[in-house]
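In what follows, a single structure is set out as structure tokens and then discussed.
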Amino acid sequence: MKAMNKVWVIGDASVDLVPEKQNSYLKCPGGASANVGVCVARLGGECGFIGCLGDDDAGRFLRQVFQDNGVDVTFLRLDADLTSAVLIVNLTADGERSFTYLVHPGADTYVSPQDLPPFRQYEWFYFSSIGLTDRPAREACLEGARRMREAGGYVLFDVNLRSKMWGNTDEIPELIARSAALASICKVSADELCQLSGASHWQDARYYLRDLGCDTTIISLGADGALLITAEGEFHFPAPRVDVVDTTGAGDAFVGGLLFTLSRANCWDHALLAEAISNANACGAMAVTAKGAMTALPFPDQLNTFLSSHSLAQAMTVK
């Protein structure tokens, strides 16, 4: 099934070194934005990646991964003077992960407003706070969001907060606020809400992004699914149960499934959002069943099989 409107993804792409056995690692493509783009394209969506990589082995490897998965790389720039990002994924026994960055800043932080393509009405633009950590990528993300809204398109901002990547964490609140004000939809995790607001419980901070100017918030709750907050109310969407191997990229797969579904229509309403979140929950669940952020990102037949074999509880109105 082909998406009707193009999804533009800007930001990070990296080579992830994932533990395989003692003293050995799997070389896996990754990066939050790259994962989102590949997920959209694998599902049959039309997706373009806006970014910068080093003209090195890692950069050429990642560009080939994009091409192999059907992602448009017309606006992906390779620069011989820069080094592509490489990181080690540290996994716990239950599949939870943390990251050790071997290259920072990576080439992805050098994407600039000059790299942006022209946008069209009803298209989508995705960015996350990872793209806001350094200049000129920060300006590229914010300007891209502004131009997409000006063109009559939509913007999805994923908070995806990684404080260790910031040189000055005091910049975070203002940049999150600017991003939320530009966004049609904001996606945030429960933990991130607590980090941003200082609240002990995410429920007490669930309106944080709405209060910054974004009317639609999706809070990812891991194994508990997702909470949608709109002007119509609050709705909880349970997630399917799976055996967890590696949680790397689960949130990105969630966003990819969400964007793919939303891009199939010119306008979105509650019914389409509900379908999109159900698909997003399924994509996120599938992503954690194998090592590597992209390994288990589904193709359409795999997603359909998963949906038919996992009974998803109906969304529950919370408020």
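Heads up, the Cβ atoms here are built off N, Cα and C, so glycines get one too.
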Ask   = Can you pick which of Gly144, Gly213, Gly222 Swiss-Prot lists for the same K(+) 1 site as Ala180, Ala181, Ala183?
value = Gly213
Candidate sharing the 5-amino-1-(beta-D-ribosyl)imidazole site with Asp16, Gly31, Tyr101, Arg162 (per Swiss-Prot), from Asp252, Asp269, Asp301 = Asp252
Inquiry  = Need one residue: from Asn90, Asn279, Asn281, the one Swiss-Prot lists with Asp158, Val159, Asn160, Lys187, Glu192, Ser220, Leu221, Gly222, Ala223, Asp224, Gly225 for ATP.
reply    = Asn281
Query = Do any of Gly31, Tyr101, Ala290 (binding-site residues) have a CA within 10 A of Ala183 (K(+) 1 binding site), and if so which?
reply = none
Request  = Among Tyr101, Asn160, Ala223, Gly225, these being the binding-site residues, pick the one whose CA is nearest to that of Asp252 (active site, proton acceptor).
outcome  = Asn160
Task = Pick the one among the binding-site residues Asn160, Thr248 whose Cβ has the fewest other Cβ atoms within 10 Å in this structure.
result = Asn160
Query = Which site among Ala180, Ala181, Leu221, Ala223, Ala290 has the most other CB atoms no more than 10 Å from its CB, taking these as binding-site residues?
reply = Ala180
Query = Including all protein chains displayed, how many Cβ atoms other than that of Asp246 (K(+) 2 binding site) lie within 10 Å of its Cβ?
reply = 25
